[in-house]
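J.: Here it is: the structure, laid out below.
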Amino acid sequence: MSTTSPPLSLPPIGLGTFKTSITSSIYHAVKSGYRLIDCAAAYSNQEAVGDALQQLFEDGVVTRDDIFVVSKLPNTHHVWTEGVDEGRVESSLKDTLKELKLDKLDLFLMHWPFAFEDVNLHYPSARLSDGSPNPSVSMKCEYKSTWDAMVRFRDLGLCNQIGVSNFTIEQMEDLKSHSAVTPFCNQFEYHPYCTNDSLRKYCVDSGIKVMAYSPLGSGSSSYPPISGCSLLDNSVIKRIATANSRSAAQTLINWSTASDENVVPVVKSENEGRIVENMAALGWELSRDAVENISDLNENYRFFKSYGGVNGGWHDGVLEARGE
Ligand SMILES: NC(=O)c1ccc[n+]([C@@H]2O[C@H](COP(=O)([O-])OP(=O)(O)OC[C@H]3O[C@@H](n4cnc5c(N)ncnc54)[C@H](OP(=O)(O)O)[C@@H]3O)[C@@H](O)[C@H]2O)c1
């Protein structure tokens, strides 16, 4: 596979915007040094991000070229019927640009490798917030024709690069056999409870960048059975953090880049102090032993359960969500 644009370098850490609504925290993050902002249409907050970016440009804090802006195609806007629904991808991308007040994205990702037919679906996740299957969705796998549409809109100049998110190795291979265009990156869940080693190695070996989401455990209150606590409260993490005079969050973020410098952690915070704390998580090294001790916490546990099952078998997840 090949790319038609020269590869861009990703900044070493990104600011996540899931469940963020405060324009001033995004402004503060960029002022503090973040250069990658990870957005998504599904987060329903891109206007707030756009307002922050506009203000940062007007105040001369950064220029458009200094900032790497990522957004994602929602599950409701895949190509549903080949040859008919490419307009869904176009309208979503154009709406995103309008909300963010930008002419183009640096990176446009396919948020998930499955699609919903109803573009107006109120709750477009495979599972409801209590974890039960969402009874209102109909789903099918349409990522190949959706990918082709994304390639076309990249070639039209609406984004510099395109990539995927939540794709397994099998899906990456499937896409490779279909398209000559390699995804610039795969963004997936990556933290000590879900180390996703083989997927990371596959991506790195294939020249595909890795963006690690939920590096702190997503502020979730559900925990894996063996550890039974949040990542930030895990005693192994706390012990290693104390030994290195760092916070638990800084230790987790540092770990995410320790196995491979190609991994870019995407961390969300709306708190000004924590935004700065997280930014300072890079630039020092955990010992090899510490990295191994942290990696040993792996339980293949996903905080984002709409993606099917502990071992990543998304087909099972889809069938399960449909009650089959
Ligand atoms: N592609 C996908 O499907 C996908 C899925 C999930 C996430 N993402 C992306 O990845 C980003 C990060 O993942 P995430 O938002 O799920 O979770 P995360 O970054 O692992 O954790 C965010 C949570 O940790 C708290 N936090 C942040 N810094 C902290 C610190 N230093 N000490 C203690 N608590 C801290 C935040 O609260 P405060 O805000 O109060 O600090 C928030 O509750 C998202 O925002 C999104 O951009 C992508």
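Just so it is clear, glycine is given a Cβ too, placed from its N, Cα and C backbone atoms.
Below are the features listed in TrEMBL for this protein:
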- TYR43: active site, proton donor (ACT_SITE)
- HIS111: substrate binding site (BINDING)
- 27-298: domain 'NADP-dependent oxidoreductase' (DOMAIN)
- LYS72: site 'Lowers pKa of active site Tyr' (SITE)
J.: Counting only residues 6+ away in sequence within the same chain, which have a CB under 8 Å from the CB of LYS72 (site 'Lowers pKa of active site Tyr')?
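T.: Same-chain residues close to LYS72 (site 'Lowers pKa of active site Tyr') (Cβ under 8 Å, separated by 6 or more) are CYS39, ALA40, ALA41, ALA42, PHE108, LEU109, MET110, HIS111, SER165.
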J.: Cβ-Cβ under 8 Å from the residue listed as 'active site, proton donor', same chain, 6 or more residues apart: which ones?
T.: THR17, PHE18, LYS19, THR20
J.: If you draw a 10 Å sphere around the Cβ of the residue listed as 'substrate binding site', how many other Cβ atoms fall inside it, taking every protein chain shown into account?
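T.: Within a 10 Å radius of the Cβ of the residue listed as 'substrate binding site' lie 22 other Cβ atoms.
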J.: Restricting attention to the domain 'NADP-dependent oxidoreductase' (27-298), give the mean pLDDT.
T.: 93
J.: Quick check: in three-state DSSP terms, what is HIS111 (substrate binding site)?
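T.: Looking at the DSSP assignment, HIS111 (substrate binding site) belongs to neither helix nor strand, so coil.
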